[in-house]
Each structure stands twice: as C-alpha cells, then as structure tokens.
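Colleague: Sharing a structure here in structure tokens format.
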Amino acid sequence: MTQVAKKILVTCALPYANGSIHLGHMLEHIQADIWVRYQRMRGNQVYFICADDAHGTPIMLKAQQMGVAPEQMIADMSQEHQTDFAGFNISYDNYHSTHSEENRELSELIYTRLKENGFIKNRTISQLYDPEKGMFLPDRFVKGTCPNCKSPDQYGDNCEVCSATYSPTELIEPKSVVSGATPVLRDSEHFFFDLPEFSAMLQAWTRSGALQEQVANKMQEWFDSGLQQWDISRDAPYFGFEIPGAPGKYFYVWLDAPIGYMGSFKNLCDKRGDIDFDAFWQKDSDAELYHFIGKDIVYFHSLFWPAMLEGSQFRKPTNLFVHGYVTVNGAKMSKSRGTFIKASTWLQHLDADSLRYYYAAKLSSRIDDIDLNLEDFVQRVNADIVNKVVNLASRNAGFINKRFAGQLSAELADPALYQTFIDASTSIAQAWSSREFSRAVREIMALADAANRYVDEQAPWVVAKQEGRDADLQAICSMGINLFRVLMTWLKPVMPSLAERAEAFLNQPLTWDGIEQPLLNHNIAAFKALYNRIEMDKVNGLIAASKEDTAAAQPAVTGPLADDPLQETISFDDFAKVDMRIALIENAELVDGSDKLLRLTLDIGGEKRNVFSGIRAAYPDPALLVGRLTVMVANLAPRKMRFGLSEGMVMAAGPGGKDIFLLSPDSGAQPGQQVK
C-alpha cells in the first residue's frame, strides 16, 4: 500500500560561530543526517537545515582580540563549518547564519507579537559595569578574589579552588576581564519574557506522549520548581540585533538563536521559490518539525522555544530528539591526550563513513552518552564493514566478472533466504525511523553473517573447479551479490560514500523499494576495492595531530600541581576541625537564574542538607547524580545565597568548568560515615 509522503522539516542545533567543529558536534549532525537520508529513501519530502549561531558577547570580544570585524570572523567560521559538514556528507538543504536579514525580521516579528500580547515585561536589575569599555559584564567576564577561600583570579560566579559559588558583586577586588578596570554596579532596564504564563500549555505539551521519557521527566521537575521570567535583553555594546523601539538594547543570543531555524528555512524558501514557508510554520501546519539537540540545551528548546512560538502564533515542534555527549576512550575529550579531535583533523586521517557507522552502531533513541573507543572503532569497522559486507561482494564478484562477463543469473539460487532479507526490512525500517540505530545495525550485521554463511556453505571456489556446474556457480555468486545489494541498501543512510561506490559496482541505484526485486540477468561492473581496512597507525596519527603543542613551553612543573600549587602546611588540630561525611545525593536539580549552580539534597545518615554547588558545567544533566554517594564538608557554617541557604560543601577535584569531578567513596561506605 502506497503511503502518503510526509512533509518534514529537520534541524540540528546551531554551532556557535567562535570555534571549530569537533567530534562532539558531529554526533548530532550524523544522527540527524542518517535519519533524514532514511526518510528521503522512503519518499518523504524532507528539508534539512542548519545555521551558525553568530551573536553574543564572546563573539564580539574574540573578534576584537583578532583585530577583525565580527561579521568577517563569523563569515570565515561559517565557511569552515560548512566545509567540515560537507566532508562528513551531512546533506543540508541550507546552511545559513543567525546574523541575517531573514533572522532579524523574524526575531523582530516574534518579539513584537509577544509584546503586543502582553508577554514582555520590563524591570530594572543591577549589574557590574566596565567603565573603561562602557559595557555590562557577564559573570565570566569578571575576575577577583574568592570571598570564601580568598584565592585570587577567580571568575565572577564560582571559585575553581574551593568550588564556592557567589554573585559577581561578592568578589573581593573585582576586575574586568576585558579591560582590567574595576567594575562598578549600575542599574539597567531589561526586558523579560513571561514564561510562567505558558506553564499550562507546556505541561500539556509535555504530557502529549511525543517527547522522550527522560525529557518529559526533566521538564516535570522544572514545572514543580516553578518557571521564572526569562531575561531576553542585553545592553550595548553587544553583537546582535537591536530591539525595536529600545535604542541600546539587544536581543539576548538565546532569543534569536532558535529563530535561526526559521531564518534558515526562510532563506531556503526565498532561494528556491517553490517552498511555502507558512505551510511549515503557521499555527495549523500539518508538516512535521523535528529538532535534533544535545541534552545540555533541553531547557531552552523544551520551555522557552515552544512558549515563544505559541505566544507569537506560530506552530510548536512536533518533537525534540535529544542525544547525550561524546567521550573518547572512556573520558572527556582532552587536548593534551589528543582526544579533542576536530572534524577537519579526522578527515585528514580517516574517512567520514567510518565514524558515521561507529556512531550509528552506538546510538539509540535514549539520551545516553556515546563513547568513541578508538581501538573498538578500528576492530568494529574492520570486522563489520570490511570482513562482512564488502567481503561479500568481493568474494562473489570475481567469478561473475571472469566466468560470466559480469552477468548475474536469471534466477535466485535460494529464494527462501532472499525472502528472509525482504521480511527483515520491516524491522530495520522501524529501527531507522524510531532512531534505534544500534538495533538496526545489529540486525543488519546478523543478516550479513547469514549471507556469508550461505557463501561458505555453497563454496563457490569449489564449485568453480567442478565440470558442468557453471550454472550453479553463477547462481550462487549472483545470490551473494544480491544479498550484498540488500545490505548496502539498508546501510545507505549511514555510509553514503560506500553506497555510492556500491551503486557504481552494481550498475543500479540503491532504493528501499528495490529490495523486493532482485537483480536478475543484470550486468555488474568490474569489481574495484570498495572500502579499505583501517590500520591503527592511522588512528595514532590522528591522536598525534590532535595534541596540543606543549613542547615549546617546557614548563618546570606540569600537571595539576603546576596549576594549583599546594597550600601552606596546617596542623593536625586544624585539619581535625573539618568534619567530612559520606552523603547520599537524594535529589539534584538546576538552579533557575544561575548557569553554574546545582541544588543538591543530601542525606548524611538521617539528616538532610541543602547544598548549592558550582558543578553544573560538568554535570549538565543533574538527574544522573541522583543515587550517588559523595563526600561533603558537614560542619561548614551555612551560607545564605540569593537562591537559598547552602548547608555545606561537596568535595570535587579538577580545574573547574566542565573539567571538575565529584568525589565518590569506595563501595561499602554508608551515608553519615565520617571521612578520616
């Protein structure tokens, strides 16, 4: 039965235009591209778009440091990003920029509608201001002495020595990172989006059943803690769009960034002339809209974005497809270890299809982190693609080319086996469609094993030596070629370059519907190597090329001690005053109004403590901490913060930011036990 083609618009999160694409970015773009290519193979009308996120203070300041205009910097970065994505065969229909006229017009339209509908509120807030640069300073653009441990050179939101969190106004001797000047406190009127007004709508959307369970659960936590109004404005100087009717005020980057999805699509519509923008974005649109995003930006896409769309009379997303992070060899990507790998560096040493396949073999519809184990990567690609799939073609093509002038047999040697492959297409299609990529790969490789068993059992190399069995030889090898064709059709969304070479060899396009009709009495091309085995030397070269060049510096001391020297010696009596206890993390949640803090509820053996900890960058999904044991300083004097009372401090190691690691006791430790 012929299905009606769907109209689908697919986006990936917009890469920020101040840095290169790395393998963490590539997980999302590969995942989305596989899904898009599959949908296209099934006859659906799919538009796949992206853009660079090109606004904000970091871009403005980096351009100043480089001595170029922000417009030039983001244009250069856009070209680099597009080259990287093209190298990985990401099949975008359009790649644009948030710094565009389309995005400006749509941002102003959405803001104006929100304001007219009463969803924009004004109020005055106090911020640190750089008198030399004439600009308000974000938290990370202020440094000073920690008010808690008195360590110098700490950021304006948390101390990387003692992990204390605070507001920039609490810093001792604060200085502007931009100019070195002493900032002053200054009031400014800001504009806020009234997110709480959309709480009922958002909760209904959450309960619709479309969202991933993990996303819906996290959203419910946010609803339970209460939604807050969202500051959508920034003061000049700022690289972005000025707010209509508010000179010197600019849209915060996170307002116009998701509107960039619309801007990129509008740009495509205008260039093509045959796509109706409103058919995809109007309130009653029957098109499907999907955003592939990382778990670190769920808050913006599940709350702010649908609320903004609802309040401005546009349609909401059909769904969010959220993925986890990428680790390499079991750890966070590291420049010093050579595992912080840029997309361009990968392509200088290895092919794109290999990474696409490995990611597909590990991806599911859940929000799980993916580990790129480089040794396993080599073994898996060689075992699956070289030894199973490509070898199936090579071991049969030689006989067909040499003995039968490239012509396949008129009949299938084993129709029942071929029917098994046809029947499997339904399950594999469902796996691709539901983003259960690892299941699809497992099923495909199981059938690749079955195909190779067939060839092993039929032993064409033996049949070739037997008189009068030419017809059997042709039928056996033709069967092998046909099974290879089906396998490659299933893998076409994952490995487009290999699929293209397979199509040239088969003299036939690989189409999903074509699986049901085997190639009979058909001429294939002379066989050429379709895919080369990956050698570990290539991977070692990739790692070496990715390492930071630290040899020139030749520091006397390297490692953590160089960055954080030992403190002055203290007496045992002083140490004995510190009461450290094992604590069970009963609950962990984001803190509204802070992009650095987590609120932890700790059980220390019958007593509950509320602790604010500046570890959000390292643990962006706090739900993963629930149930863990950690170590806390239990007799630290409670500290009143603007978010509440913090009743202790959890212990963590690392330089700070994303590179901080919560301490955990060995198995057997119990909440409340003293650390001695």
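Cβ coordinates come from backbone N, Cα and C, glycine included.
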Colleague: Kindly point out the range from 77-81, 217-221, 332-336 that Swiss-Prot annotates with motif ''KMSKS' region'.
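Modeller: Range annotated as motif ''KMSKS' region' by Swiss-Prot: 332-336.
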Colleague: Using Swiss-Prot as the reference, determine which range in 15-25, 312-322, 565-575 is annotated motif ''HIGH' region'.
Modeller: 15-25
Colleague: By DSSP assignment, list the helix, strand and coil residue numbers for the domain 'tRNA-binding' (574-676), in that order.
Modeller: 7 helix, 46 strand, 50 coil
Colleague: Please report how many Å separate the Cα atom of Cys146 (Zn(2+) binding site) from that of Lys335 (ATP binding site), as a whole number.
Modeller: 28
Colleague: Is it possible to get the count of other C-beta atoms within 10 angstroms of the C-beta of Lys335 (ATP binding site)?
Modeller: 12
Colleague: For Cys162 (Zn(2+) binding site) and Lys335 (ATP binding site), determine the Cα separation and express it in whole Å.
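Modeller: Rounded to a whole number, the Cα-Cα distance is 25 Å.
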Colleague: Give the nonlocal contacts of the motif ''HIGH' region' (15-25) in its own chain as ranges (CB under 8 Å, at least six residues past its ends).
Modeller: 50, 52-54, 56, 58-59, 62, 73-74, 77-78, 80-81, 84-85, 97, 325-326, 328, 333, 340-344, 346, 355, 372
Colleague: Other than its own, how many Cβ atoms are within 10 Å of the Cβ belonging to Cys159 (Zn(2+) binding site)?
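Modeller: Other Cβ atoms found within 10 Å: 21.
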Colleague: Within the chain of Cys149 (Zn(2+) binding site), which residues six or more apart in sequence place their C-beta under 8 angstroms from its C-beta?
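Modeller: When sequence neighbours closer than 6 are ignored, Cys149 (Zn(2+) binding site) has Cys159, Val161, Cys162, Ala164 within Cβ distance under 8 Å.
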